[in-house]
Amino acid sequence: MALAPLIAYAHVRKSFANGHDAERVTAVDDVSLDIAAGEFLAIVGASGSGKSTLLRLANRLLAPDSGRVMVEGEDVRDVDPVRLRRCMGYVFQSGGLFPHMRVADNIAVTPRLLGWPAAEIAARVDELLELVRLDRSLHRDRLPHELSGGQQQRVGVARALAARPRIMLMDEPFGALDPLTRDTLGDEYRALHRRLALTTVMVTHDMTAALLLADRIAVMRAGRVVAQGQPAELSNNNEPYVAELLRTPRRQAERLNALLAGASAG
Amino acid sequence: MSFLSDPRWRDAAAHLPDYLGSHVQVSLAALALGLVISLPLAILARNHAVSRGILLGLASVVQTVPGLALLALFYPLLLAIASLTLRWFGFDFSAFGFLPAMLALALYSMLPVLRNTITGLNGVDPALLEAAQGVGMTPRQSLFTVELPLALPVIMAGIRTSAVWVIGTATLSTPIGQTSLGNYIFAGLQTQNWVLVLFGCVASALLALAVDQFLTLIERGLRERKRLHTMLGSVGIAVLVTATLIPSMARAPSTYVVGAKTFAEQYVLSALIEQRLQAAGLQASTREGLGSSVIFLALAANNIDVYVDYSGTLWLNQFHRTDMPPRERLLAELKEILAKQDVTLLGALGFENAYALVMPRQRADALGIHSITDLAAHAPTLSIAGDYEFFSRPEWTALQKAYGLSFRRQRQMQPDFMYAAVASGDVDVIAGYTSEGRIKEYDLETLADPKHAIPPYDAVLLLAPRRAHDAALQEALKPLLERIDIATMREANLRASGSNANSSPAAVARWLWQRIGRQ
């Protein structure tokens, strides 16, 4: 029995006013895309391809001009957007932490909005700090600017997970980090995704990260999804843009292999 | 005598608890009201370019109105509103002193708060606004838990600017009847008591500086998220406010308030009345430096109880009469008109303080000028100076009409500087006051007014409606009636214009009482 998709975009279109021009810029152009429960989907594209807009349509930070966005079988237009957002985790580019709140308060934001009891919130904060591997005594009462970029993003993930959402939306979550941290955090998140049975939609311009982390990849260009599928399916795709995107990771892998093999041979 | 051992410092310091307390009270109330109005307006207008523009534009316009004028405008405005509420709802309120001062200052305080609140809120990183929305905050929750806390340092900077402005401008609320540190400055300027002027300036500057420092501390604490700074600053403000307010609140309100306009003679006479009332066992205090358009309205509204005005001033300025009956008839008719407003004209003090055109005797002799008729022929080559209101008063219009006066140049001057200016030849003619002591001192001549263009100006005692049947008050004041002649008043005014310890209004009033009490 095929499961109904947890998130479904159907012929979604979204355009923006372009400054002074009367002409509007189309950011998302007739996109249809299904995301199954438990799936880890990466949306890959260059900046301006519409991938972040597509993500914002899922929790109604933006509303579509036409088409439908369904989450858990309900049209998002029929759901109170505030309630919708509180039951979906959102990880922002470079953390998006509130600079005037301590780490614990940042993590506790959504549970507080939902009116959880204080004791339960405190316990949940400790649990989450452990989950994202931050030292409780060292980091709980720090302000965001006292943390490294990687630690800030760990707090960002903890905050998104705080109210036990089923769905996680991530906007270039690891883009601003150094490669080693990005790698570690990516792997750790991948493990969390599986352990907590999350459904994750991650937007990135980094095809390598997408290939390594995601179950499935959707490639966007100029507002359209030009290809989608598992990594192996993508490599058989005829779309020249997809080939172009895959060229870099491939060449890197080949060169690294050659270099590392050469090193061991020598 | 060294500068600091001058007894006038002690006199000045004795008034400090009252003046400082009232100053802090009105500044604080104005700032609080300004904040209560500006903050919500700024929040509502922040995302709306048109209303933002209108709001900031209006606040800027208010800012360009000179502080003194803004304060002065609020008095008649409130008076009109009070008479309307009395007619419609059966109650009125005091349009004098605290209320107009607070409202005008609150209006004055708005621009920096509006501007900084809007700037601060619009300066919050859009990524954080999206994050607030993304974690599920309503716009309201985002405003209170994210936007306002992040904009707070900038808002505090605006509040700090406002506070300093308000404290400085509050010194100008003296003429509309609000006691403030400006009482020192106005009294000092009018009586040439530079010790008082300096005291008032230094006191208000120190107050502004202290508040500025404490608010800077709070602002830094908020900006750098250092609770200690924020706390120290808040404690400092709280201590400052409490320390200044408590003594002025503990003070018993005096039963009789004696008003005085903004010149030395008025300070002396109000001190004299205060002393006579106290000698009769009545509680009394003075409210000095009231604008001449404010003081009569304040009396009629029972905000002050007694003051000295001049018959011609009331005749022309208050009742807009153009006919010019002889002295006795004018006085009798004035008494009737005043009685219709329930104001009691108790009687005349015995001297006149009229406007007169004045020039140095030698110069007048040389040009052969002894009356305004003589002056008219020379006027086109001469310059004239008058006080701030003279050239807009009906007397000036009457003089111009009667004699065809037209001067080469006319200037406005602080009344106290006019006499020295005409004696030294800086101006050729001044519109002076006949009871001025320096007319004799500088050997000046008051020019005759053969066409009676200037009305008589008998100094008269006026009582507020609620004192119409107050026998104790009237008994205490009766010994002053018809006892002060022009020579005595001139000498008293001359003494008051000195700058030594015996020239304070209180000291001159005591001298004056000895002179007339002995007669």
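Cβ coordinates come from backbone N, Cα and C, glycine included.
Annotations in TrEMBL come from automatic prediction, not curation.
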Of the ranges B:146-166, B:230-250, which one does TrEMBL list as transmembrane segment? B:230-250
Based on Cβ pairs under 8 Å, which of the stretches B:20-43, B:55-82, B:88-108, B:194-218 lies most in contact with the transmembrane segment (B:230-250)? B:194-218
By Cβ distance under 8 Å, which residues at least 6 away from the ends of the transmembrane segment (B:20-43) in the same chain are close to it? 55, 98, 101-110, 113-114, 117-118, 121, 143, 155, 159, 162-163, 166-167, 170-171, 173, 178-182, 203-204, 207, 240-241, 244-249, 251
